């Protein structure tokens, strides 16, 4: 059975490509839509899960700094040998910085953008779950942009930790970027290929 919902598929039930008379959007045929479609709630869970994936993890001796979309979390040994965990939220990091936002390095300016793209992707998937109005091209595109912004943050922070450019590429693993792109390809690959006209 083919899903004929107007905003989720790009074809009429009979499998032909047509223009929606009520909008300027073009509908694209996908004869295997039933097989390619994924469960909306699973997609939402994946998008929400990406919010918890670290952008990267910096190792400095016995100290570990988790760079998340929300800020920094440092795990390090304390004076008495105990493990000390401290947090530095993103909003505080930006407000405490002596430079204005426009004067910050590009990788730092990309940090809130990465968070924003992830949140918008969650919202886009949520429209599909709640109102059946998700545009899968938008969601996939947001995940791609989130990955690009997260990669910029990961490499930029690696440079500031003294990992020079060649070293940073091999040392700083851009976890959030990899996961965002993996979700974009696995969950929204057909929609993204449609954007590219393939």
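Every residue, even glycine, has its Cβ placed from backbone N, Cα and C.
Curation plays no part in TrEMBL annotations; they are all automatic predictions.
From the options 42-59, 60-77, 78-95, the stretch TrEMBL describes as transmembrane segment is 42-59. Counting same-chain residues at least six beyond the ends of the transmembrane segment (168-188), those with a Cβ under 8 angstroms from any Cβ of the stretch are 38, 43, 46-47, 50, 53-58, 69, 114, 118, 136-137, 139-140, 143-144, 146-148, 150-151, 154-155, 157-159.
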